[in-house]
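Heads up, the thing below is written out as structure tokens.
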Amino acid sequence: MSTILLATRNKKKLVEMRRIMAQATGVEIIGLDDVPTYDEAPEDGATFEDNALLKAREAVAHTGFPAIADDSGLCVDAMSGMPGIFSARWSGRHGDDEGNLRLLLAQLHDVPDERRTGAFVCAAAYVGADGREVVIRDQMPGRIIREPRGAGGFGYDPIFVPDQDGAEVLTAAELSPDAKDRLSHRGKAMRRLAETLQEYL
Ligand SMILES: O=P(O)(O)OP(=O)(O)OP(=O)(O)OC[C@H]1O[C@@H](n2cnc3c(O)ncnc32)[C@H](O)[C@@H]1O
Ligand SMILES: [Mg+2]
């Protein structure tokens with residue numbers, strides 16, 4: 001059985017990636033805690049795809065394991081797609097989820113409800129020990145509300161209501177883990193990636 005390294009330093013993202021991959025494949029999954037530490041290069045790509053590939057290539061180069069990385073973010077229509085690839089450090093401090101979502105809410109203060117649309121985007125990249133590369137992007141459309149709700153998920157989940165059939169108005173942070181995986185940018189991109197990789201995993 002092959003082993004795949006999930007190359008993320010974000011613990012909550014890792015929980016989701018592990019859960020999605022465990023359901024989609026039978027491969028053994030390890031995280032960065034299971035390999036010797038290495039210094040990360042800056043995520044200086046121009047796109048989600050660039051950054052996802054950069055993280056996966058770096059992980060393979062340092063560990064020799066085939067790796068999957070995710071680069072993701074929230075793209076707000078009224079902000080021309082920002083925070084986008086800058087989502088993790090929007091407020092200036094990397095990984096400050098509360099600071100990031102508070103700044104975004106302040107910036108959107110005067111934007112009326114009908115224009116508070118956007119999407120979470122995820123590029124999921126696989127790089128093999130043989131150098132083979134696959135990268136797949138998917139998204140979860142929805143809208144940004146005015147006050148955070150819910151304790152699940154991470155990042156901007158408490159202020160994002162995914163589009164769903166029916167009258168659901170739950171934020172991504174109010175969804176069960178299964179429901180988030182079913183709808184999410186990460187769930188969709190990683191399931192498609194796993195499907196593509198099926199022949200040689
Ligand atoms: O780069 P790694 O080590 O994987 O961890 P990271 O947290 O820096 O990850 P990204 O560079 O891909 O930035 C993603 C940011 O986008 C936001 N984000 C991505 N997916 C999200 C989700 O499912 N729910 C809420 N926010 C999300 C959140 O702010 C993340 O920190
Ligand atoms: Mg990052």
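Cβ coordinates come from backbone N, Cα and C, glycine included.
When Ser72, Ser91 are compared with the substrate site residues Thr8, Arg9, Asn10, Lys11, Lys12, Lys13, Phe154, Gly155, Tyr156, Asp157, Lys180, His185, Arg186 in TrEMBL, the one appearing in that site is Ser72. If you take the Cα of Lys12 (substrate binding site) and the Cα of Asp71 (Mg(2+) binding site), they are about 14 angstrom apart, rounded to a whole number.
Between the C-alpha atoms of Asn10 (substrate binding site) and Asp71 (Mg(2+) binding site), the distance comes to 11 Å. Among the binding-site residues listed (Thr8, Lys12, Asp71, Gly155, Asp157), Thr8, Asp71, Gly155, Asp157 have a CB atom closer than 6 Å to some atom of ligand 1, in sequence order. Geometry remark: His185 (substrate binding site) versus Asp71 (Mg(2+) binding site), CA distance 11 Å.
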